[in-house]
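Okay, structure first, notes after.
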Amino acid sequence: NLIQFGNMIQCANKGSRPSLDYADYGCYCGWGGSGTPVDELDRCCQTHDNCYEQAGKKGCFPKLTLYSWKCTGNAPTCNSKPGCKRFVCACDAAAAKCFAKAPYKKENYNIDTKKRCK
């Protein structure tokens, strides 16, 4: 679920940036998404959005699905059995790892999405 995703982000980035910093970034980080991603980090969010969309098509509810995971050496790893829990966990873990690698550009936080995300 979204709280677990926030915790995964903290695991992957070693707590260097609050999870909420990603909630309103670029065109895809946060609710919804459209247009061309503004940078590598925004592409991570677009991929995560697409993963959640695939989960929804499988009958899962990714924002609410509770799964089992652990933080091992700054890498989130999923422990859930196959099915919705494992699928959603994999979406979140991949995104958290992607966020940790991508540069965070303050100028892409809280942008005017109506102008920049066409």
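Including glycine, each Cβ sits where the backbone N, Cα and C put it.
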Could you look at ASP21, ASP39, ASP49 and say which one Swiss-Prot places alongside TYR28, GLY30, GLY32 in the Ca(2+) site? ASP49
Which of these, CYS78, CYS84, CYS89, shares a disulfide with CYS60 in Swiss-Prot? CYS84
Can you give me the Cα-Cα distance between CYS60 (disulfide bond) and ASP92 (active site) in Å, rounded to a whole number? 14
All-chain count of other Cβ atoms within 10 Å of CYS51 (disulfide bond): 18
Is CYS27 (disulfide bond) helix, strand or coil when read with DSSP? coil
